[in-house]
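Per TrEMBL, Zn(2+) binding site is recorded for B:Cys47, B:Asp49, B:His108, B:Cys111.
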There are 4 protein chains.
Amino acid sequence: MEFAKPLPSYLVTRYHGWKATSYKDNQGWYRRLATEGQRPRAMVISCCDSRVHVTSIFGADQGEFFIHRNIANLVPPFAPDGDHHGTSAAVEYAVTALKVSHLIVLGHSQCGGVQGCIDMCKGNAPQLEEKTSFVGRWMEILRPKFDGVAGIEDPEQQARQFERQAVVASLENLMTFPFIESSVKAGQLSLHGLWTDIGEGGLECYDPKTGLFAPV
Amino acid sequence: MEFAKPLPSYLVTRYHGWKATSYKDNQGWYRRLATEGQRPRAMVISCCDSRVHVTSIFGADQGEFFIHRNIANLVPPFAPDGDHHGTSAAVEYAVTALKVSHLIVLGHSQCGGVQGCIDMCKGNAPQLEEKTSFVGRWMEILRPKFDGVAGIEDPEQQARQFERQAVVASLENLMTFPFIESSVKAGQLSLHGLWTDIGEGGLECYDPKTGLFAPV
Amino acid sequence: MEFAKPLPSYLVTRYHGWKATSYKDNQGWYRRLATEGQRPRAMVISCCDSRVHVTSIFGADQGEFFIHRNIANLVPPFAPDGDHHGTSAAVEYAVTALKVSHLIVLGHSQCGGVQGCIDMCKGNAPQLEEKTSFVGRWMEILRPKFDGVAGIEDPEQQARQFERQAVVASLENLMTFPFIESSVKAGQLSLHGLWTDIGEGGLECYDPKTGLFAPV
Amino acid sequence: MEFAKPLPSYLVTRYHGWKATSYKDNQGWYRRLATEGQRPRAMVISCCDSRVHVTSIFGADQGEFFIHRNIANLVPPFAPDGDHHGTSAAVEYAVTALKVSHLIVLGHSQCGGVQGCIDMCKGNAPQLEEKTSFVGRWMEILRPKFDGVAGIEDPEQQARQFERQAVVASLENLMTFPFIESSVKAGQLSLHGLWTDIGEGGLECYDPKTGLFAPV
């Protein structure tokens, strides 16, 4: 594999800085995490977006959050067809092996994946419609929710609402997994839906009573 | 959706702390990221494991890294079959839409997913062999690499080597994506393979000349 | 121009080393920076002093910081008189064209420029008082702050305090630029004042609540 | 000064990393630099551009280079009129107080300041022509050189050539300073003109015999 390159030097420098400070000051905890294994309290499903790091927003330290990040924080419906399902595998591991107590879906504003789905639904993104588009096929998970926001005229408002609906879709799909449904009913697991506004630093939580998101 | 619950109060507290400090002190940057969009330099593919946060190790701040996290930091081979492929979608978006310059695969010690694959390969995990096991099916991606470590007698050493091979498998699979191969050949993208030791805080980089991992 | 000479060979050697390593390993990023342009998060105003490189202290890599360096990290007051104002031009470009989110003034210990200003203020540097002294005229920017440190008897302590006041003077003068004042008020830009101790590697940040510098 | 903010936390983290590694490993040298003062071998005049750090290209360490950075690496002609001249002050300090042996002007590709000057010279930038534009007035230094590149039709080629002429203009203006002319003639100082290509990592040196730039 001649294509593999050495790590860029600026990252080498930062790593050595981390090793000499954060690691060194917490060595006992790191070693315990290594020998005793992880015991995270929550799983977070968030977007790959470089502007939204749940570890920052929640001040997460080593061992607290089991984090799955994919395009648009989507969870596909339960489909045990023998294929590679990365998101379903992550959820299964968190709930059945690690037995997390909270499962948090975190959406965000200005989501490129959600915008791509809007473009697809409006017929403006033929390249995403192609069978070979991984992003397009992935965003199909969200397509059924478009009817609910199709009537919003302002593009900004429509996108912000659709981003929130991506969180709702994931929560609904999570409940189609038998092991999640049973854990929730047994009071061992609770689900939470969040949406954050990148520019203003806002955070909203899905309220099951109203079906709306409200600032926390 | 009665199952959705309010956010745990300890996270509400932490969020408000972040909003009043990190967000407030960097408001201009957050607003700019919101209006101008992200322009990350690198994509990182790492594990969901709660003990390994690339944002800590590399001091990553908002806007720097596009991060995909799944079980065992695996990338499946290129397979444009029209199904939902979360990892492939994330990679496609990073390389073709965001045009990241670096694609880093970060593996780690004590990986539960890799251990599960070893158990499967040794015939000790019938439940993972079942068609309905998402984790089992996901770890199939790594199975072809088991031959290379099957002869290692010490279980600890075998697991550590197999974790490194998970990184190599992902690098090799990445190169099966046409848009990655062409970007690498055009000098627009470079791939990097890393493995970190949780307990000791070590970091090793795959060296293409020797085929081995060496401390950075 | 017969006076221009070839580059000293030790620098030619170092350049070729950089080209074969740092450049080659990051070629994709350099090419992207060239075609897409820079988008730095912060502007830093620091001293020309060879002992203080902000790129070291903050591990700054290509594209992160827009850096202006002059004698004693000074910013003159807003004066749109049609003359060549290098510092004002740099600040204007950073804030209005690049729209940086942070503007950091970094002062330092053992500053030769600040010491020259002390000598001037005490009447011990007639050569700096001459109209033809560029350094003397430049340091006039700082002179109004001398009253605040004139009573400090120990020369070392007086110099260290005056260096910090050079940072404060620059912050105050920055706020006299209309485009800075408006950006700060709009929450798009924040100012930061720092002072570093060369020998001990210390770093202090100006605290607006106390009017003092405190270790970060 | 309520506008001054705490240092962004990602920079605090990086600083502590630097302190625990680079500083700690070189403490003796830092302390010596503090007590004995700087003795740089060369002064470098380069652009503020975030993509061009001479400390990277030349692997510069603490104490080696006295660095002045302004928009487009320009030096105005000698003009001892009693005003604040930041660049002239930096040059005066380097040559007469520090007695550097080399004075290097480093230009670069994709320079925003040089492009602004082209726009001005072609009458396409009325806002830069205004008396209140600091960038416009600063770029006047380069305007006299436009005649030499006005006939180049391809905009890319024209910009690249004008960037090189900015280096030549600075070298010529440097020789109008009496203390530079005399140091050069006495064999105590040599001037060097460089231009670097950001995307390709190239470095060219002005050759006084041909009047052209050639790769080093």
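Placement of Cβ uses the backbone N, Cα and C atoms for every residue, glycine included.
The Cβ of B:His108 (Zn(2+) binding site) has 23 other Cβ atoms within 10 Å, all protein chains considered. Using a Cβ-Cβ cut-off of under 8 Å to chain A, the binding-site residues B:Cys47, B:Asp49, B:His108, B:Cys111 reduce to B:Asp49. Each residue in B:Ser46, B:Cys48, B:Arg51, B:Val52, B:Ala72, B:Asn73, B:Gly107, B:Ser109, B:Gln110, B:Gly112, B:Gly113, B:Val114, B:Glu163, B:Ile198 lies on the same chain as B:Cys47, B:Asp49, B:His108, B:Cys111 and has a C-beta within 8 Å of the C-beta centroid of that Zn(2+) site, without being one of the site residues.
Around the Cβ of B:Cys111 (Zn(2+) binding site), a 10 Å sphere holds 24 further Cβ atoms from the protein chains shown. In the three-state DSSP scheme, B:Asp49 (Zn(2+) binding site) falls into the coil class. Look at B:His108 (Zn(2+) binding site): DSSP puts it in a strand.
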